[in-house]
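Participant: Okay, handing you the structure first.
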Amino acid sequence: MAASVWLRGAASGLRYWSRRQWPAAANLEAVCSRSVASKTPVGFIGLGNMGNPMAKNLMKHGYPLVIYDVFPDACKEFHDAGEQVVSSPADVAEKADRIITMLPTSTNAIEAYSGANGILKKVKKGSLLIDSSTIDPAVSKELAKEVERMGAVFMDAPVSGGVGAARSGNLTFMVGGVEEEFAAAQELLGCMGANVVYCGAVGTGQAAKICNNMLLAITMIGTAETMNLGIRLGLDPKLLAKILNMSSGRCWSSDTYNPVPGVMDGVPSANNYQGGFGTTLMAKDLGLAQDSATSTKSPILLGSQAHQIYRMMCAKGYSKKDFSSVFQYLREEETF
């Protein structure tokens, strides 16, 4: 495992790292660390819409990979590029002492770590295990305990930014775990993201991600409703989007990921809502937010409504489309 670099932040305990702002004291050690570490294979489990480009960015930074995905076809291009492809998460753990997992659900994460052929069957002492899935914070905490019993280190590091940011290496990572190990995780995560934020103990990364995605769902629905209303009032959608994006209604859903076909290029709405972040996954994340709100007795009126909308979308044929297809759903639903 790469040597840890202590980076102390503000009195609040929040520590933040950006590719654009390396802490001066960490520069030399991190660079030297990477030149050595790049010769050591890194395990990567989960090569979906997000995991695939994330793994490719590790390759671009010189890290040999040990790859596993439940769907063998997802590994083919990595195999063709000369990377090691193995037949189980346990085999990944046998060959690599730093592993990143990027999986759809809590159930998938539990299986990858604790299953019959899971990572913990062959994990090496001192290994660093980073889970970038978006899962229940309670599951992250339980996995951390199991990993610790095996003499290894677990950190949760979910991401924000979508497929575009995954491809360009501009993701934001929200990291929870042992503070002393943050620099070791940062070394790898910095190859895939522009921002790496330390949030606190295990589970706090997931908490930050759940809150972020709840707001994202709410703003996407709001953007879709607003664009639909404007179009029905006779406004050109590109003009309306331009006005929103220079006014107080501007948000990521309007200026970076607009849900209306024809308004922006390179987003799922320009490709029949294919690719991107699936409606099923958004409904799952909103369910996690709902569970967290119940356990903490927190009112989330709009979050709950968003959860219901995305669940209805899944039931009506939108489950495999990008979550921005809520615009299409609203246009087609006469009940609204």
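Cβ atoms here come from the backbone N, Cα and C positions, even for glycine.
Not measured: the values here are computed from a predicted model.
Per TrEMBL, NAD(+) binding site is recorded for 40-68, 103-104, Asn108, Thr134, Lys284. Among the features that TrEMBL reports, domain '6-phosphogluconate dehydrogenase NADP-binding' is placed at 42-200. The annotation domain '3-hydroxyisobutyrate dehydrogenase-like NAD-binding' is assigned in TrEMBL to 203-329. Residues or ranges marked as active site in TrEMBL: Lys209.
How buried are the listed features, and what sits near them?
Facilitator: Each residue in the domain '3-hydroxyisobutyrate dehydrogenase-like NAD-binding' (203-329) has a pLDDT score, and their mean in this model is 97.
Here the Cβ of Lys209 (active site) has 28 other Cβ atoms within 10 Å, regardless of which shown protein chain they belong to.
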Participant: Where Lys60 (NAD(+) binding site) and Lys209 (active site) are concerned, what is their Cα separation in Å, rounded?
Facilitator: 26
Participant: For Thr40 (NAD(+) binding site), which residues in the same chain are close in space, meaning a Cβ under 8 Å from its Cβ, but six or more apart along the sequence?
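Facilitator: Result: Tyr63, Pro64, Ala96, Asp97, Arg98.
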Participant: Under 8 Å Cβ to Cβ from Pro104 (NAD(+) binding site), same chain, six or more residues apart: give me those in sequence order, or none if nothing qualifies.
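Facilitator: Those within reach of Pro104 (NAD(+) binding site), by Cβ under 8 Å and sequence separation of 6 or more, are Gly46, Gly48, Ser133, Leu281, Lys284.
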Participant: For Met50 (NAD(+) binding site), just count the other CB atoms lying within 10 A of its CB, please.
Facilitator: 27
Participant: For Leu65 (NAD(+) binding site), write down the residues of its own chain that are at least 6 apart in sequence and whose Cβ falls under 8 Å from its Cβ; none is a fine answer.
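Facilitator: Those within reach of Leu65 (NAD(+) binding site), by Cβ under 8 Å and sequence separation of 6 or more, are Pro41, Val42, Gly43, Phe44, Ala55, Leu58, Met59, Phe78, Glu83, Gln84.
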Participant: Rounded to a whole angstrom, what is the C-alpha distance between Met50 (NAD(+) binding site) and Lys209 (active site)?
Facilitator: 15
